[in-house]
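**Q** Please see the structure below; I have some questions.
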Amino acid sequence: MAGREVTAPLLANEDPRDSFDEDERALLQQEETKQIRRERRRMVLCLGLALVLTSSAVAITFFFAKRSLGRSRNVIMMVSAGFGPASQAYGRSFWQYRENLPIDRLTELDKMLVGTSRTRSSDSLITDAAAGATAFSCALKSYNTAIGVDEAAVPCGTILEAAHALGMLTGVVVTSRITHATPAAFSAHVAHRDMEETIAEHQVGDYILGRQIDLMLGGGRCFFLPNTTSGGCRTDGRNLIKESENFGWKHVMLNKKEFEEKSMPYLPLPALGLFHPDHMNYEIDRDKTLKSEEPSLSQMALAALNSLKNNAGNNQGFFLMIESSRIDMGAHNNDPVAHVHEILEYYKTVNVVRTFLRNNPDTVVISTSDHETGGFTLGSQEDLHTYPEYLWRPEVIVRANRSTEVLTRDLFAYQGKDRRSFVKTSILEQGLGISDPTEDELSFLSSTNEDGTPAPLPKDILAFLGHAISRRANLGWTTMGHTGVDVNLYAAGERIEGLRGNHENTYIGEFMSEYLKVDLDVITRKLAQPTDKRWFKSKDDMVSMLFEGAAPSRHEVSGVCLDSVASALIAEQTGGKRIELCAGLLEGGITPSAGLISTVKAKTSLPVMVMIRPRGGDFCYDDDEFEAMLADIKICHSLKVEGVVFGVLLPDASVDKARTKMAFDMVKDPLQALEDIIGIGGIQRILTSGCERSAYEGLDMLVQLVKRAQDRVIILPGAGITDRNVEKIVAAMGAKEVHVGAGGSKESKMLYRNPYCSMGYAISAPEYALKVTSESKLGGMIQKF
């Protein structure tokens with residue numbers, strides 16, 4: 001190799017190859033090229049290996065997540081609606097008595113007691129079922145009436161949806177409408193619980209996540225069928241039972257026979273069972289006839305467990321929510337008979353679940369209540385001046401054979417002439433086992449007119465019957481609503497130690513999420529993703545539907561009943577469409593003064609309908625009163641009001657066709673009265689509550705009136721319409737308008753208030769609380785929705 005001549009020191013930027021001869025430089029270039037190729041091959045190999053390892057790691061992680069973080073586990077969430085600690089003591093004691101068991105014998109539910117749950121919602125110490133179930137399903141607090149949404153009415157991911165995303169099978173079994181609050185909170189997202197048409201859509205899979213439920217059993221067929229079909233009440237014309245095929249539902253059952261046939265050997269999936277248009281019947285009322293139509297809760301639970309277990313793949317678990325819905329409804333009615341028989345059926349269901357647990361140890365079972373209902377007490381004091389006796393009379397309850405709900409329905413349906421004998425024999429003795437009715441009880445339930453014909457029945461028969469038997473059994477109720485007490489928490493299976501003690505109801509949702517190793521926030525983010533089809537109806541959407549109309553039908557608050565200028569201004573500001581102006585709301589409304597009419601007309605732009613009623617009381621007017629009514633109508637005409645509202649009845653409670661154009665809820669025969677009024681001509685609307693205390697209670701009659709009217713006149717539902725029931729009323733009737741009164745009060749400006757002098761009757765409303773339309777109540781249709 002030739003020597004190199006060093007002429008200068010090497011610099012940092014100098015290439016040492018410049019000092020080599022041409023042969024050496026060629027060899028070096030060849031070697032460098034080979035080295036570069038080797039390095040490139042090594043880099044490609046390392047990169048490929050890294051990708052393989054990474055992919056393998058992801059696959060292994062995904063595989064073990066499916067195997068170890070939930071898919072091989074089962075969660076059974078049991079909800080005993082409205083079931084407080086007193087109800088458990090009542091159910092256990094009655095069970096011991098009826099089965100002749102020792103007093104230390106525990107129910108299977110007792111053996112699962114691990115703690116208690118606090119039940120409050122985000123906006124009240126006393127929760128409703130919607131917020132209570134949302135706490136379980138989304139593990140967060142929300143407002144009363146919220147279904148699968150947070151406090152801001154934004155959809156939140158549920159444990160059922162998270163389980164489905166993990167590859168688990170899912171099921172819902174209830175005895176209420178399947179669209180009712182508790183099942184809805186696990187399987188739908190709406191701003192208000194009464195949006196049951198939308199809830200049904202989500203449940204079949206018509207929303208952003210698609211079908212999430214594999215098995216759904218309960219009542220509520222009404223909201224899956226159009227109101228043009230028998231048993232349907234949807235206002236949009238959709239038949240979700242037919243449409244369910246588009247979302248993967250393969251098997252539909254509508255009665256017990258179909259249920260039993262498909263359950264052999266186990267229900268195929270996906271399966272939908274809707275066994276009643278409304279809530280399923282109370283257990284006490286499932287007699288020989290009804291048993292052929294509806295399965296019991298324990299039968300549905302057993303079929304669901306068998307189906308989910310046998311349809312599941314290797315290491316595929318399931319999530320199942322079971323609700324004994326009608327424990328709560330029996331308590332709402334203050335009916336100790338229906339209440340306890342629902343509890344006993346729940347015990348049977350718990351036995352079914354615990355038997356499954358023994359054979360499937362990779363399961364956790366949780367049982368608790370959304371709230372307590374009825375303020376139920378074991379012990380009662382009728383006379384506050386006499387110290388109560390400490391008594392327990394279970395034999396009274398044993399003798400009863402029917403719920404007060406069915407008995408009330410039977411009494412209203414009775415068309416015979418001897419109502420007293422029917423009440424004594426069929427209602428009290430055969431129905432409730434009461435063989436010693438008092439004269440006051442018989443008179444209340446079978447009062448007659450002066451001519452001996454049956455008088456209109458009182459509106460509070462349901463509560464009256466419940467209290468009649470409760471009093472004899474020494475049981476008490478403080479409310480027909482909910483209370484805010486803590487409820488018992490029960491659990492069995494693996495890893496339940498964390499449930500021991502006292503917890504917020506949201507912790508139950510957190511526990512299930514941790515047990516399955518799922519992140520509900522992931523589902524929440526999926527729900528928030530933009531879609532071509534807008535699936536979530538916000539509060540603003542509900543306002544639009546309620547006040548401005550929604551296809552295919554226009555819905556509006558057509559009339560707001562009020563008696564002051566201030567109330568008229570509030571009605572206009574909050575979206576009312578028409579004012580029904582009166583005075584004396586405490587008397588049910590009487591004719592307002594000409595000054596009030598003209599001022600309301602001047603200060604508002606809403607159409608004004610004036611009530612023409614010369615006094616409170618009945619609607620049977622003499623000639624002088626009718627003459628005064630005609631004079632008031634002339635005054636209204638001169639003030640250019642848009643219309644008047646009045647009516648006159650004859651002594652037999654039929655319509656006085658010669659003198660009336662609108663009076664309804666006191667009529668004897670509503671359907672005949674409808675024809676009489678239509679025959680008069682010129683009448684656009686009939687305002688009615690269905691001849692009941694409220695439009696919700698008179699809903700059956702309202703539906704009949706709509707069908708009979710056949711668009712010849714508008715049946716305008718009114719009385720007791722609130723944001724809680726307006727959707728059900730509109731859905732059932734297909735109503736395009738509703739009439740509301742949103743009563744409230746404001747403080748008087750009077751500084752001196754004479755405590756010794758009354759401005760009216762001795763018994764009256766507070767005189768310094770001025771009655772006005774409540775902006776919060778009327779606006780509640782906005783705030784709630």
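Backbone N, Cα and C atoms are what each Cβ position is placed from, and that goes for glycine too.
The region 'Disordered' annotation in TrEMBL covers 1-23. Look at TrEMBL and you will find 44-65 tagged as transmembrane segment. Taken from TrEMBL, the feature Mg(2+) binding site covers His180, Thr182, Glu323. Here TrEMBL flags Asp328, His332, Asp370, His371, His482 as Zn(2+) binding site.
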**Q** What subset of the binding-site residues Asp328, His332, Asp370, His371, His482 lies within 10 angstroms of Thr182 (Mg(2+) binding site) at the C-alpha level?
**A** Asp370
**Q** Please report the Cα separation of Asp328 (Zn(2+) binding site) and His180 (Mg(2+) binding site) in Å, rounded to an integer.
**A** 12
**Q** In the same chain, outside Asp328, His332, Asp370, His371, His482, whose C-beta lies within 8 angstroms of the Cβ mean position for the Zn(2+) site?
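**A** The answer, listed by sequence position, is Ala81, Gly82, Asp128, Ala129, Gly132, Ala331, Ser369, Glu372, Thr373, Gly481.
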**Q** Under 8 Å Cβ to Cβ from His482 (Zn(2+) binding site), same chain, six or more residues apart: give me those in sequence order, or none if nothing qualifies.
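**A** For His482 (Zn(2+) binding site), the qualifying residues are Gly82, Ile126, Thr127, Asp128, His371, Glu372, Thr373.
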**Q** Distance between Asp370 (Zn(2+) binding site) and Glu323 (Mg(2+) binding site) at the Cα atoms, whole Å?
**A** 10
**Q** If you count Cβ atoms within 10 Å of the Cβ of Thr182 (Mg(2+) binding site), leaving out that atom itself, what do you get?
**A** 28
**Q** With Cβ-Cβ distance below 8 Å and at least 6 positions apart along the chain, what are the contacts of His332 (Zn(2+) binding site)? List them in sequence order.
**A** Gly82, Thr373, Gly374, Met480, Gly481
